[in-house]
Amino acid sequence: MSAVLGIVTIVLVTAGAVLFLAGTLGLLRFPDTLSRLHAISKADNLGLGLIVLGLLPQAASVTGGLKLICVWLLAQLSAATASQLLGRAVYRGRREP
Amino acid sequence: MTLLLDLALVAWLLALAVHVVVQRGERSAIIAFLAFGLLLGLAWVRLAAPDVALTEIAIGGGGTGILLLRAEAVLRGRGKEEEPMTRAGKLAVAVGCAAISAGLGLAVLSFASPAPTLAPAAAEALGATGLGNPVTAVLLAYRALDTLLEKIVVLLALIGVWSLAPDGVWDGAPEVKPAIVPGPLTYLARILPPFGIVIGVYMFWVGADAPGGTFQAGTVLAAMWLLVMMAGLKPPPDTSRPLLVLALTGGPALFLAIAFLGSIFAEGFLAYPEGLAKPLIVAIEAALTLSVAAALAMLVAGPARKAPAR
């Protein structure tokens, strides 16, 4: 059982790490702010989500697992707000140069 | 494997530190400094010092970062006509910084190995305090005087900031709300504070037995209050408002009162009566958390900009 859980953790965390790598690559390579935001939000949401999901089987207790999920939800909330604010600033900057 | 991680961490830290120094734009340098604080927090985690890591991320990264960013926003566009620093001036600063760095490096390298430690003594006396976290025991029992002075320094800094207010708006409220509040910010300021307050109180409460404590909890609470003020949901209070002054001074005042009572009811100044140590420490921490939160939020909010409401 624990071997299966270990494999689940390894697969999911690796997938999350790959997403973070792809997001970082996009952040560095994409030409403008909006597409960079698009790249990094994938890493933030899905990448962190996969890592949290992968770590859940390793959580020592139910409350520990809940804390992990809370971390993901809070990161989602703050990332979404920051993206909206950045996108808004770009949009306003374009309209009123 | 962990050695690889540690080496990468050290390389990142050095690269970021150099980047902060050579960066020309102030704002980019401050943002890099924020990232540096986060990475330094990770380094403290690797050194098995989660208490320091939390404080570094909260105060060293987040708190200082937002203070610098706000200062930069105020100064931007001003002082352009000032003469740039002369070559000799730059050289003097560089030599001074290099000398201090070299001195610190030498001091660290000349430590005895293994370093002398009081950790066993700290752990041994832990039972007498009733606490589970030796770091909290050091901060509030063994070396309580340092902590007391530390909290008073924060208040002194706040007095320094407040005294920048012009006469006309003395006693008035600071201004943190931008001219146009973006919708997503208002949304965040409505959703996040309930969670933030729970997390802040948890960090303070768990500090007695696990990593956490007044500064970390106070920073989280201050951030929540600032968020509400920045979104314009609640205006910043007048700096002379009695409730604010009570929140600011309550922590250090209670700390001092208990310290002096210690010389009557216990063995001396800052000593706790036997058996009562833990409840007293938790009470002091509760009041200090509120004081730190209020002081940090007001530090970021800056000096008064609006005439007091009378």
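Residue numbering: from 1, along the chain as shown.
Note: Cβ is positioned from N, Cα and C throughout, glycine not excepted.
Database features (TrEMBL):
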| type | residues | note |
| --- | --- | --- |
| DOMAIN | B:12-70 | domain 'MrpA C-terminal/MbhD' |
| DOMAIN | B:186-301 | domain 'Na+/H+ antiporter MnhB subunit-related protein' |
| TRANSMEM | B:27-45 | transmembrane segment |
| TRANSMEM | B:52-71 | transmembrane segment |
| TRANSMEM | B:91-109 | transmembrane segment |
| TRANSMEM | B:121-142 | transmembrane segment |
| TRANSMEM | B:148-166 | transmembrane segment |
| TRANSMEM | B:187-208 | transmembrane segment |
| TRANSMEM | B:243-265 | transmembrane segment |
| TRANSMEM | B:280-301 | transmembrane segment |
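Long-range contacts of the transmembrane segment (B:243-265) within its own chain (CB-CB distance under 8 A, at least 6 residues past either end) are made by residues 144, 147-148, 151-152, 155, 158, 214, 237, 271-273, 280, 283-284, 287-295, 298. Averaged across the domain 'MrpA C-terminal/MbhD' (B:12-70), pLDDT for the predicted model comes to 90.
For the domain 'Na+/H+ antiporter MnhB subunit-related protein' (B:186-301), the DSSP-based tally of helix, strand and coil residues reads 87 helix, 0 strand, 29 coil. Across B:27-45, B:52-71, B:121-142, B:187-208, B:280-301, the stretch most heavily in contact with the transmembrane segment (B:148-166), judged by Cβ pairs under 8 Å, is B:280-301.
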